[in-house]
């Protein structure tokens with residue numbers, strides 16, 4: 001286990017673990033070595049971008065996003081390129097995902113839900129005014145900063161998840177239909193603004209109710225419910241909240257409430273604080289032009305450096321609030337898409353136990369040394385769930401197991417982890433047991 005670990009650098013950024021992965025892009029945590037600031041690094045494969053004729057669309061959207069400077073939108077700092085990759089440097093949401101709050105605490109109090117919804121509408125309205133649409137609003141895109149303010153990610157980068165066909169209309173293959181508007185599912189082409197607002201309505205419903213308005217184990221039945229606008233509000237919703245949700249979740253995009261009308265709604269306006277920020281007059285687009293002109297003189301330097309494996313795993317565990325599985329999702333520097341716990345036994349035995357626990361849950365498993373990638377074989381109605389695990393040695397008989405989501409629905413990840421943790425309960429190291437460390 002005491003093998004060297006590869007440390008990757010891209011220009012001034014020291015690249016860390018994978019946070020998420022899609023068809024065209026992978027997102028990694030990184031640190032700006034000049035400032036110490038944590039960032040998210042979205043990595044695109046140039047070959048795939050060119051193959052799907054997406055270069056010009058992505059270039060336009062990146063140029064637009066560099067002009068966006070809103071407190072509720074994840075900032076796009078700069079764009080870099082190597083010979084084979086494009087790197088988009090983004091603001092890092094240190095407070096984790098908003099929907100982790102739902103998983104931990106259940107539905108939110110109305111005043112808290114309203115605050116987040118107001119911030120969401122602020123972000124969406126501002127971006128729409130600049131001609132930028134999201135088209136894929138879902139829990140994974142709703143992050144929090146260190147102060148607990150909402151940050152919407154992936155605004156303007158919709159070319160990575162959409163297709164424009166010969167009719168000139170927007171068409172999306174939707175991996176998470178629960179949040180998609182009826183006109184998106186009908187695939188007849190749609191307006192990005194009204195579709196975004198529908199998704200905001202679904203998000204508001206979940207914040208207030210603690211569950212999805214449209215849910216069914218059968219995908220076709222789910223589609224029918226969404227297209228018909230068939231859902232039921234829980235009895236605890238206030239009349240004002242219910243009225244607004246009904247007006248947003250109108251299956252007819254022509255009669256659906258608009259954002260200006262939402263801003264004038266009595267329930268929405270309560271304790272409303274408009275976003276305060278300074279507009280950028282201009283943004284430097286030289287880095288974007290250099291990336292898409294593919295000028296070799298502007299290519300960023302990529303380095304891989306070998307470093308010894310960190311031996312502070314036990315310190316990390318000791319610093320945690322609890323060492324057992326009662327605290328399922330520990331924060332690591334504020335980010336909550338992962339959990340970790342101490343486990344007894346040899347590393348190879350732990351790998352086998354994780355494999356044995358995951359296979360009955362329908363996961364395909366890839367192993368490389370003490371890292372594993374788990375993916376559910378058949379995508380459900382919420383798309384594929386991908387999970388990465390890694391085992392770190394503390395002593396020959398004590399290890400730290402890290403489990404993190406790399407793709408998919410947050411709620412599904414939490415469900416998977418609970419099942420996995422139950423299966424591994426016999427090997428979890430509890431506080432007070434012998435650690436196997438020499439005194």
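Backbone N, Cα and C atoms are what each Cβ position is placed from, and that goes for glycine too.
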Among 306-335, 336-365, 366-395, find the range that Swiss-Prot records as region 'PPI'.
-> 336-365
Select from 94-123, 124-153, 154-183 the stretch of residues annotated by Swiss-Prot as region 'Activation loop'.
-> 154-183
May I ask for the distance between residue 19 (ATP binding site) and residue 136 (active site, proton acceptor), taken between their Cα atoms and rounded to an integer number of Å?
-> 18
Measuring Cα to Cα, how many angstrom lie between residue 27 (ATP binding site) and residue 136 (active site, proton acceptor)?
-> 17
Using a 10 Å radius on the Cβ of residue 19 (ATP binding site), the other Cβ atoms enclosed count 22
Taking only the Cα atoms, work out how far residue 136 (active site, proton acceptor) lies from residue 25 (ATP binding site), in Å, as a whole number.
-> 15
In all the protein chains shown, the tally of other Cβ atoms within 10 Å of the Cβ of residue 25 (ATP binding site) is 19
Excluding its own, the Cβ atoms lying within 10 Å of the Cβ of residue 27 (ATP binding site) add up to 20
